[in-house]
Amino acid sequence: MVAPHLAAVFTKLQTLSTSDYASVVSMNIFVALLCACIVIGHLLEENRWMNESITALIIGVFTGVIILLTSGGKSSHLLVFSEDLFFIYLLPPIIFNAGFQVKKKQFFRNFITIMLFGAVGTLISCTIISLGVINFFKEMDIGSLDIGDFLAIGAIFAATDSVCTLQVLNQDETPLLYSLVFGEGVVNDATSVVLFNAIQSFDLVNTSPRILLEFIGSFLYLFLASTMLGVIVGLVSAYIIKKLYFGRHSTDREFALMMLMAYLSYIMAELFYLSGILTVFFCGIVMSHYTWHNVTESSRVTTKHAFATLSFVAETFLFLYVGMDALDMEKWRFVSDSPGTSVAVSAVLMGLVMVGRAAFVFPLSFLSNLAKKSASEKISFREQIIIWWAGLMRGAVSMALAYNQFTRGGHTQLRGNAIMITSTITIVLFSTVVFGLMTKPLIRFLLPHPKPTASMLSDQSTPKSMEAPFLGSGQDSFDDSLIGVHRPNSIRALLTTPAHTVHYYWRKFDNAFMRPMFGGRGFVPFVPGSPTERSEPNLPQLQ
């Protein structure tokens, strides 16, 4: 009796050992592919057509072909996609670094326009795509999809991926355009995820005006609560580091605390069913404004490059996996009997994406221009075309949301779900490769020689984005005499120049209350002989 039992145990252990070894081999190959993406992307950096995203996608597709041939057509990827892997481990460093590295002066100078594009525009795009698929898909044989699936499709394909465009744009040459494309991309992703979660959490079969109001209220609550949580965690990290001054003992502790507090903001948002994207983005902005100025000089260099590196590796990982997963036979097997249906669905969705994008970019740009008096601050028609083009590409967020809605544990069991997954993969590949390849030539054609602007000249004093304070400081903020707002003291000034007036009062409040409490530029802890004290001996103490 004992011998057969031991034999079974040994067999099980041997199976586990084989499985573990296969996982190690898969991880080795995947890491080697990441290295190849970095090397080849560097070699093609000056190429007119290619960029790092397209490079990773193409390498992923070629790798998928090789794996498919060696496995006899069973699989095309080394790892099984998991929404948890994306949302818990890969997305946080990407979004946090976006907030941590953003040029805050440009971002908040155009904050109203960014929110119009990123929040209102995403809602418009989602509505158009949802209404379109409801009307078109009823005429197609794509399986059983309900109203919740149609609305989820709207949220999935409203999520843009402007990485290709941002890799071409230069934020010093075209600060307004870069700020709008970058800011809208982050707010768009956050809005899409919040909208997707709100759709999943409501019973949309029995709709009524009360349900609609509850849906809108839930959306606004998620948006505002997520933002506040990120700001609070960022301020707490700044206060702790300012008071305890870890750098006297260990740079590693400073960096570790910043990294863990940033991740804590994200997982706290998930714990309270909020939007982790919004939370970690605003946590990054607050940390770069307060916390980053409280640490030692070595910690500043470490944090800046470490967060950028984590974000870069995560983005490369995602595009590499999407390329490999594009050839997964399990999904394509369901649509092999009717490939024309899958092509038609992809074409309809791509058309709706383009129409939904145009439906808000040009009208909202017109409204934004009406509120601006300076010609240099208005969005030209050529810039509007680039903003429209930048949002046509779909990427990792759309993939992750599609997997979340239409698969279970990375596997697809229904024909309608398989069609949606394969269509999403098709659109991600087509939009990223085709539109991405045309991005550089398009931008060079529309903006051949960008003219220097006042904002470019003002930003030259701050070559690194990390040196720019939250909304500008005494040495690199707006000159009030240039913008016609000199000590605004009435509601009339707020109505005529809202962004500059809010900036003026925020700067006074920040200098008087926030920086003395939470630190920041000019309010670093004074410790004689410390690296911080030696590196900034002449910084003015703002009062």
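Every residue gets a Cβ built from N, Cα and C, even glycine.
The domain 'Cation/H+ exchanger transmembrane' annotation in TrEMBL covers 31-443.
Marked as transmembrane segment by TrEMBL: 21-44 (among others).
Annotated transmembrane segment per TrEMBL: 56-73 (among others), in sequence order.
According to TrEMBL, the transmembrane segment annotation covers 85-102 (among others). When Cβ-Cβ distances below 8 Å are used as the criterion, the transmembrane segment (85-102) is approached by residues 182-183, 186, 189-190, 262-263, 266-267, 270, 276-277, 280-285, 287-288, 292, 303-304, 307-308, 310-311, 314-315, 317-318, 396-397, 399-400, 465-466 of the same chain, each at least six residues removed from its ends.
As annotated by TrEMBL, transmembrane segment applies to 114-138 (among others).
TrEMBL lists 219-241 (among others) with the feature transmembrane segment. For the transmembrane segment (219-241), the list of distant contacts is 119, 190-191, 194-195, 197-198, 254, 257-258, 261-262, 264-265, 268-269, 272, 274-287, 290-291, 294-295, 517-520: same-chain residues at least six beyond its ends, Cβ to Cβ under 8 Å.
According to TrEMBL, the transmembrane segment annotation covers 305-324 (among others). Away from its own ends, the transmembrane segment (305-324) comes close to residues 30, 33-34, 37-38, 41, 52-53, 56-64, 67, 76-79, 81, 86, 89-91, 93-94, 96-98, 100-101, 163, 255, 259, 395-396, 399, 425, 428-429, 432 of its chain (Cβ-Cβ under 8 Å, at least six residues beyond either end).
Here TrEMBL flags 344-364 (among others) as transmembrane segment.
As annotated by TrEMBL, transmembrane segment applies to 385-406 (among others).
Outside the transmembrane segment (418-438) by six or more residues, the chain places 49-51, 53-54, 57-58, 61, 142-143, 145, 149, 153, 156-157, 161, 164, 319, 322-323, 325-326, 331-335, 341-342, 345-346, 349-350, 353, 389, 392-395, 398-399, 402-403, 405-407, 412 with a CB less than 8 A from a CB of the stretch. Per TrEMBL, transmembrane segment is recorded for 418-438 (among others).
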